[in-house]
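Per Swiss-Prot, the features are:
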type	residues	note
DOMAIN	3-199	domain 'Glutamine amidotransferase type-1'
ACT_SITE	83	active site, nucleophile
ACT_SITE	174	active site
ACT_SITE	176	active site
DOMAIN	200-394	domain 'GMPS ATP-PPase'
BINDING	227, 228, 229, 230, 231, 232, 233	ATP binding site
């Protein structure tokens, strides 16, 4: 199987880059810069990512870059540098990189001045092309042995270089983001130059992952952390397919679930997937420990610690349980700044109970079969495992549940209020046939009370916020429905108007409804 090694220097786009390569049916894997070269030299190509590092302000060229380029000198194995990756390549080949010179952020136009294999059948000399830039440092002069393929129109700075003989290419822009329209084709050209075979599929992932699970678990037992969401459902189905009755599924009712969620979980696992599940009601424990807590990070940590503690109690009732299965996926890892590629390079945005919220004293070894998959890849995997579309198309639900949708202090009364409002909103979205065309929708309860008038009487109740977004993979998101056609927009506006009326008339304690139009970035999809 062909394989591409991505050296992650901390770019927030690194996981998206890996995903885009997989879209081309070529397996990609991410490594930290401190990886031993012997572990990765068997790949078909190397990509050096972008990141927050600065060549002029660094302690020199990382050892892994020396190793890769010395290997390239002997073998001509293809190397692609993106943003910081271009800058570190250029510096290696005796070019100057300068800080705070010719900064570019956002959409940029390139002047293509020379043909190259990397742009074949995409652009040619004399063309102009749109790309997405995000850099403060710039390559000042042409690296030794390279030719410039493109300059930026904005400031005539070097935007793309190539050494055709050694098959080394550099791009100051980001081909992996959707805002670079021809980016996927540029990546495809690079992989063609590398001779990569399009032999990675979700089906092959299932087979490989089953073997990996069997090897990791042996004859031990696994306790599974089920949530009823897409991720844990697919993870459980894959793990059960691999080890059968060695998997013991437990669903904890933490009192912070969607309306009627326990019954839906029973229907899903016991009736549809035929996987035995033990349901444990610990809602009082969670709500008691969250009393008076308002900080979102503390909420997540408390939920994570309580979650593991209860699982340890359940595991102690069984003999031979050494592993905990979780439905952790890539965006969880990215935003937590933990595990693998992002551990030492990226900024923590927020912890996830599946990742950053786990206690250091946790007694289990983790089984995370979906850890390197994006949400849409998880859904493809689920279809291949025979899981129904209705289950797979459920909107994402955060591990800490409604705790991160109740801003401020959590009470049982607020939970019931939010459950009712959210159920009304989601059912109306389904009524208007919009559920399957959006990525995620939910209600947030604010710690703000507002004055209203109902039945000629003054009211003083909570405000809530409706949210709906579209996304490819959870890494970025656009507010719904502004990215949709006009008919869908009007349908959604009618939907939220009806939702507002229904929530205010049906849910005691809420007297005002607002709508959140913020994209990700700058916001995250969830409020906390």
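Placed from the backbone N, Cα and C atoms, the Cβ positions cover glycine too.
In the set 176, 229, 232, none of the recorded positions has a C-alpha within 10 Å of the C-alpha of the residue listed as 'active site, nucleophile'. Neighbour list (residue 233 (ATP binding site), Cβ cut-off 8 Å, at least 6 residues apart, same chain): 226, 268, 269, 273, 327, 382, 387, 391. Of the recorded residues, residue 228 (ATP binding site) and residue 176 (active site) place their C-alpha atoms 32 Å from one another. Close to residue 231 (ATP binding site) in the fold, though at least 6 residues off in sequence, lie 327, 328, 329, 370, 375, 378, 396, each with a CB less than 8 Å from its CB. Ranking the binding-site residues 227, 229, 230 by Cα distance from residue 174 (active site) puts 230 first.
Within 8 Å of the Cβ centroid of the ATP site, not counting the listed residues 227, 228, 229, 230, 231, 232, 233, the chain contributes 226, 234, 235, 327, 394, 397. Within 10 Å of the Cβ of residue 228 (ATP binding site) there are 21 other Cβ atoms, across all protein chains. Cα spacing between residue 229 (ATP binding site) and residue 176 (active site): 29 Å, rounded to the nearest whole number.
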